[in-house]
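Structure first, commentary second.
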Amino acid sequence: MRKRTEPVALEHERRTASGSPSAGPAAAALDADCRLKQNLCLAGPGPAEPRCAADAGMKRALGRRKGLCFRLRKILFFVLGLYVAIPFLIKLCPGIQAKLIFLNFVRVPYFIDLKRPQDQGLNHTCNYYLQPEEDVTIGVWHTVPTVWWKNAQGKDQMWYEDALSSSHPIILYLHGNAGTRGGDHRVELYKVLSSLGYHVVTFDYRGWGDSVGTPSERGMTYDALHVFDWIKVRSGDNPVYIWGHSLGTGVATNLVRRLCERETPPDALILESPFTNIREEAKSHPFSVIYRYFPGFDWFFLDPITSSGIQFANDENVKHISCSLLILHAEDDPVVPFQLGRKLYNIAAPSRSFRDFKVQFIPFHSDLGYRHKYIYKSPELPRILREFLGKSEPGRQH
């Protein structure tokens, strides 16, 4: 290669030096081109190929990086667009907020047969169905005191109904949103209360579990009223207490206010993890964190709740309640902030409606880890209930 190239270059130099007609700009360009070709030929094919391959690899890497950045930008714009669109969607469709508050479509635990409470370890419990209104059917569980569990084996609904007239007090339990009357933490609470000598009657509101109907605040309250009246017809003079948890505290205060207005109050009201009203709870809920400082938060997220007829105004209801009130709240509650429970107590305590009744607030330290739904684990709970409600007397056997 080198021998063939050198004469061409020498001949071109001689022509240029002798002043041939090709001299000038064109000749200079030709000369530069010849020199470049000579250098490439002298260098040989070896070193040039790796440099070209490296350049091609770098171009491919840059292309992939640009493609990744483009895809990330698309994802970012999609998420940002969704973030902005959700408030408008909720404002235009208030029913979405109602579903998020009730969460009745979340049925946990899954695949349990609510007709068989014994599968949940409640072998002294009877399942039945009541009909508060036309086209509405609600599933009910009645757990008798633990001391009766042997006698309860194989008994029918009539036996359980008759048992309500025994000397054991009765707790009507109103659960919170999501899940069913067979939720794990709820079942554990039934067991604790049953072991303390209480009848426990609980049910799924319309639209929850195997209950039929469409959820609403009015409907949930009416379901609770129907079950309370059903109990009172069968309980004689036995004390009947109402226990509400989380969203169930809103149902409980609605119910008790109505009972007090008709002058048939329960013997006591227990509120576990209560809030003041649904607007304040929605604003404090962990789901609202990413939108809490969004411009127009109240207009986008809270006003649709009110327009759907959902208020659960515990702070207003307690001003019209005339029975003993016990509030239980864990300091580490991540769902209903502890401050809302304390605020509700501060509203209720000075109310004139409670001047002849005791109002008590029991906090549970955050170190205990009871959070939103595990107060039933407290070893102090039996003592708290005995002191507040009075020690249960042993009843006659059925």
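Along the chain as shown, the residues are counted starting at 1.
Backbone N, Cα and C define each Cβ position, glycine as well.
Record features (Swiss-Prot):
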| type | residues | note |
| --- | --- | --- |
| COMPBIAS | 1-16 | compositional bias 'Basic and acidic residues' |
| TOPO_DOM | 1-74 | topological domain 'Cytoplasmic' |
| REGION | 1-24 | region 'Disordered' |
| TRANSMEM | 75-95 | transmembrane segment |
| TOPO_DOM | 96-398 | topological domain 'Extracellular' |
| CARBOHYD | ASN123 | N-linked glycosylation site |
| ACT_SITE | SER246 | active site, nucleophile |
| ACT_SITE | ASP333 | active site, charge relay system |
| ACT_SITE | HIS372 | active site, charge relay system |
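Structure with Swiss-Prot features highlighted.
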| residue | record | CB count, 10 Å |
| --- | --- | --- |
| ASN123 | N-linked glycosylation site | 13 |
| SER246 | active site, nucleophile | 22 |
| ASP333 | active site, charge relay system | 23 |
| HIS372 | active site, charge relay system | 18 |
ASP333 (active site, charge relay system) and the residue listed as 'active site, nucleophile', Cα-Cα, nearest whole angstrom: 11
Residue pair HIS372 (active site, charge relay system), ASP333 (active site, charge relay system) - Cα distance, angstrom, rounded: 5
Secondary-structure category, per DSSP, in which the residue listed as 'active site, nucleophile' falls: coil
Nearest-integer angstrom distance between the alpha carbons (Cα) of ASN123 (N-linked glycosylation site) and ASP333 (active site, charge relay system): 31
